[in-house]
Every structure is written in structure tokens, then in C-alpha cells.
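S.K.: Let me begin by handing over the structure; questions about it come next.
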Amino acid sequence: MKIGVLALQGAFAEHRKMLKKLGIQSFEIRKKSDLSNAVDNNDIDGLIIPGGESTVIGKLLYDLDLFDDIKKLILEGLPVFGTCAGLILLAREIENDSRTYLGAMDIKVRRNAYGRQLGSFFTESEFKGIGVIPMTFIRAPYISSVGKNVEVLSEVDGNVVAARENNILVTSYHPELNDDLKVHKFFVEMCKLNK
Ligand code: GLN
């Protein structure tokens with residue numbers, strides 16, 4: 001079992017630490033060959049797209065010619081976990097931005113939904129099936145509408161902040177910035193079931 005972590009910008013190291021604590025091997029995807037070598041060797045069981053700045057990560061995906069390879073893997077069913085900017089990159093539509101990126105998940109999102117500068121906060125709330133977990137929000141988006149095949153997993157103040165559609169899991173918050181391993185464990189289970 002090996003999980004690729006997109007390492008172009010943002011909180012990728014923190015995700016790798018969480019996986020390590022769960023005893024799961026991971027590797028960084030910084031360039032096209034990092035991904036293609038893993039695919040050729042059948043050595044990738046899941047992908048994490050971390051938080052950071054979606055515009056920056058999105059541009060780098062194109063500049064480094066990673067975009068189509070990643071989109072193809074996701075459409076083929078590779079389990080993927082997007083946090084914050086990763087969620088934005090996976091969404092079919094961004095309500096307050098004309099751009100879209102991978103567009104693989106049937107959700108509409110609102111970027112910087114809690115404000116740009118002062119929009120960071122911490123709370124604890126329910127993640128469906130695994131209980132109450134810590135949630136750190138940093139200039140976070142929320143999901144403003146979901147398609148019919150999307151399962152809502154967390155809501156905070158009436159807004160959807162975690163969801164799943166088939167092989168795609170997203171959270172507006174950053175589980176990698178707290179010690180609780182439950183969400184990563186949930187994703188690892190998705191990867192194991194798909195293997
Ligand atoms: N505000 C960022 C964006 O729009 C997301 C912030 C984050 O990933 N913590 O891409």
C-alpha cells in the first residue's frame with residue numbers, strides 16, 4: 001500500500017506524517033515522472049491533494065504537465081483525498097471564480113467562504129460514521145451544493161464541509177494539522193478496499 005501526495009505547494013508534508021503514523025508508505029509527486037513511474041510500477045493506491053492555494057497548485061499542474069495524468073487516474077477510480085485547496089481543485093464548479101480545475105466531483109464550492117484574512121478558525125464536529133473530530137479551517141471553502149451521488153460527511157453551521165463521491169473524498173478543513181488520525185484512516189480504508 002502506497003499513497004502519492006501531490007507536493008507542489010502547501011501542506012503536503014503534514015499529510016505524509018499522518019500516513020506514517022498509520023504505518024502507510026507515501027511518496028511525493030513533484031514532477032510528471034514521479035507519478036508516471038509509480039503508475040508504471042503499479043505502486044500507487046491513492047492520491048492526496050493538499051491544502052495550499054488552489055490557483056497556484058492548479059497552475060503548476062498545467063505547467064508541469066501533470067494535469068491530464070492526474071485527471072485520468074481519478075476518472076479511472078483511483079481513491080483521492082482533497083483538503084481545502086485540494087477540494088477546490090476537485091470541484092465541478094467554483095461559485096465565486098470562473099476557473100475550474102480537475103472538475104471530477106459533482107460539487108459546487110465557494111472559495112474563501114469564511115473571508116480571506118480572518119477566516120481561520122477551529123471547531124469540533126461530527127464526521128459521519130467516525131464521530132466528533134477536530135477541524136481546523138484556514139481561509140477555507142465550503143461546499144454550497146452537492147450532486148445526487150455525493151454523500152455529505154460533515155456540516156458546520158449548516159454548511160457542508162466534508163463529502164464523498166465514489167472514489168473522491170474532500171474536506172474543507174485540514175485533518176493533517178491536528179493529531180486525530182480518523183479521517184486519514186477513513187481514506188486509507190477507501191484505498192484498501194479499492195486495491
Ligand atoms: N483559500 C485557498 C484557496 O482558495 C485555500 C486555503 C487552504 O487550502 N487552506 O485555494
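Just so you know, glycine gets a Cβ as well, placed from its N, Cα and C.
Positions annotated as L-glutamine binding site by TrEMBL: Gly52, Glu53, Ser54, Arg111, Ile138, Arg139. According to TrEMBL, the feature active site, nucleophile maps to Cys84. Annotated active site, charge relay system per TrEMBL: His174, Glu176, in sequence order.
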S.K.: Taking only the active-site residues Cys84, His174, Glu176, which one has a CA atom nearest to the CA atom of Arg139 (L-glutamine binding site)?
M.R.: Cys84
S.K.: Of Cys84, His174, Glu176, which is closest to Arg111 (L-glutamine binding site) if I measure between C-alpha atoms? They're all active-site residues.
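M.R.: Closest recorded candidate to Arg111 (L-glutamine binding site) by Cα: Cys84.
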S.K.: In whole Å, how far is Cys84 (active site, nucleophile) from His174 (active site, charge relay system) when you measure between their Cα atoms?
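M.R.: Spelling it out, the Cα of His174 (active site, charge relay system) and the Cα of Cys84 (active site, nucleophile) are 7 Å apart.
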S.K.: Looking only at C-alpha atoms, tell me how far Glu176 (active site, charge relay system) is from Ser54 (L-glutamine binding site), rounded to the nearest Å.
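M.R.: Rounded to a whole number, the Cα-Cα distance is 17 Å.
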S.K.: Cβ under 6 Å from ligand 1: which of the recorded positions Glu53, Ile138, Arg139, Glu176 qualify?
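M.R.: Result: Glu53, Ile138, Arg139.
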S.K.: Quick one: pull the CA-CA distance for the residue listed as 'active site, nucleophile' versus Gly52 (L-glutamine binding site), whole Å only.
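M.R.: Cα of the residue listed as 'active site, nucleophile' to Cα of Gly52 (L-glutamine binding site) measures 7 Å after rounding.
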S.K.: In sequence order, which same-chain residues at least six apart have a C-beta under 8 angstroms from Glu53 (L-glutamine binding site)?
M.R.: Gln9, Gly10, Ala85
